[in-house]
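Novice: This is the feature table in Swiss-Prot:
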BINDING   His122, Asp151, Asp155, Cys242  Mn(2+) 1 binding site
BINDING   Asp151, His153, Cys242, Asp244  Mn(2+) 2 binding site
Amino acid sequence: MHPAPDMSLWQGRIDSQEGAGALRWHQWIRPYHESAGAASVLLGFASDEGVRRNQGRQGARQGPPALRRALANLAWHGEQALYDAGDIEAAEDLEGAQERYARRVAELLGRGHQVVGLGGGHEIAYASFSGLAHHLGRDGGTPRIGILNFDAHFDLRHAEQASSGTPFRQIAEHCEASGWPFAYCCLGVSRLSNTAALFDQAQRLGVRYLLDRQVQPWNLERSEAFLDSFLQSIEHLYLTVCLDVLPAAQAPGVSAPSAHGVEMSLVEHLVRRAKASGKLRLADIAELNPQFDNDQRTARIAARLVDALVN
């Protein structure tokens, strides 16, 4: 039995006098039902247990409802059906929640849906990838899955327990065990937020990355070419945005705010470029922490990125 979505979060302005073209997200979205045809589906991962284990600022568990509230009043410009499939709650059982989320993602992908995950800590990444891997690996082949992560951190840590700092290490181990290539691209990496040991680990694993100071307006063509080269090397794309890739002035509501970061305009541009490749299979937004947000600034940015992924 899957949890029902809280549709009371979807409230906003109604411009009935403007006609049928004046709809907003809260008027378009519907609660997910198992007989729904192919559509865009939002699935929340209400967890900050991984953040706690990673010694970060907790509060991301409230990210999914905050993101829905920020989405609710946005103008709707799409034509496809849109559903809310509710949240997978983690509490202290992170590993169990990741398994449940992965199974749900695989189910939804198997029904032809476009899934966008709403975090929650970045521990959502291992759950998302696991679901996509299960979906694509059913025929016993070797899918070339690319992971595109917008993030100030590699999240390749060694740890006894899974956390928000370990998901891509876990994915690398999953790929090694399955005999699959590990294709990981990280854009916006902060040199001062990752130790030399993590850079060495990234090199050993063949991670492609650009530093935050490289993903800048004056260097846009290089960033585009770097992304395009990665996209050409894969068949299926899993895209994840950790909101701490953005400058703290734009995204204060995260576990680890960035002193430098990558401007929102560039992140959105590159997200749209990745989506336009036609290889996007699954996406999520991670690390929204309403407890430290200011005037819903981070939630609004996250909502804009979700809209870019859906529409």
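Glycine residues also receive a Cβ, built from the backbone N, Cα and C atoms like all the rest.
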Novice: Could you state the CA-to-CA distance between Asp155 (Mn(2+) 1 binding site) and Asp244 (Mn(2+) 2 binding site) to the nearest Å?
Specialist: 12
Novice: Starting from the Cβ centroid of His122, Asp151, Asp155, Cys242, the recorded Mn(2+) 1 site, name every other residue in that chain with its Cβ within 8 Å, sequence order please.
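Specialist: After dropping the recorded site residues, what remains is Ala125, Asn149, Ala152, His153, Ser164, Pro167, Phe168, Thr240, Asp244, Val245, Ala286, Glu287.
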Novice: Relative to the mean position of the Cβ atoms of Asp151, His153, Cys242, Asp244, the recorded Mn(2+) 2 site, which additional same-chain residues have Cβ within 8 Å?
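Specialist: Same chain, not in Asp151, His153, Cys242, Asp244, Cβ within 8 Å: His122, Asn149, Phe150, Ala152, Asp155, Gly188, Leu243, Val245, Ala256, Ala286, Glu287.
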Novice: Check the DSSP secondary structure of Asp244 (Mn(2+) 2 binding site), expressed as helix, strand or coil.
Specialist: helix
Novice: Distance check, please: Cα of Cys242 (Mn(2+) 1 binding site) against Cα of His153 (Mn(2+) 2 binding site), rounded to an integer number of angstrom.
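Specialist: Cα-Cα, rounded: 9 Å.
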Novice: Within its own chain, what residues at least 6 apart in sequence put their Cβ under 8 Å from the Cβ of His153 (Mn(2+) 2 binding site), listed in sequence order?
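Specialist: Once residues fewer than 6 apart are set aside, His153 (Mn(2+) 2 binding site) is near Gly165, Val189, Ser190, Ser193, Asn194, Cys242, Asp244, Ala256.
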Novice: According to DSSP, which of helix, strand or coil covers His153 (Mn(2+) 2 binding site)?
Specialist: coil
Novice: Hey, what's the Cβ neighbour count for Asp151 (Mn(2+) 1 binding site) at 10 Å?
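Specialist: There are 29 such Cβ atoms around Asp151 (Mn(2+) 1 binding site).
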Novice: Counting only residues 6+ away in sequence within the same chain, which have a CB under 8 Å from the CB of His122 (Mn(2+) 1 binding site)?
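Specialist: Result: Gly50, Val51, Asp151, Asp155, Ser164, Gly165, Pro167, Thr240, Cys242, Ala286, Glu287.
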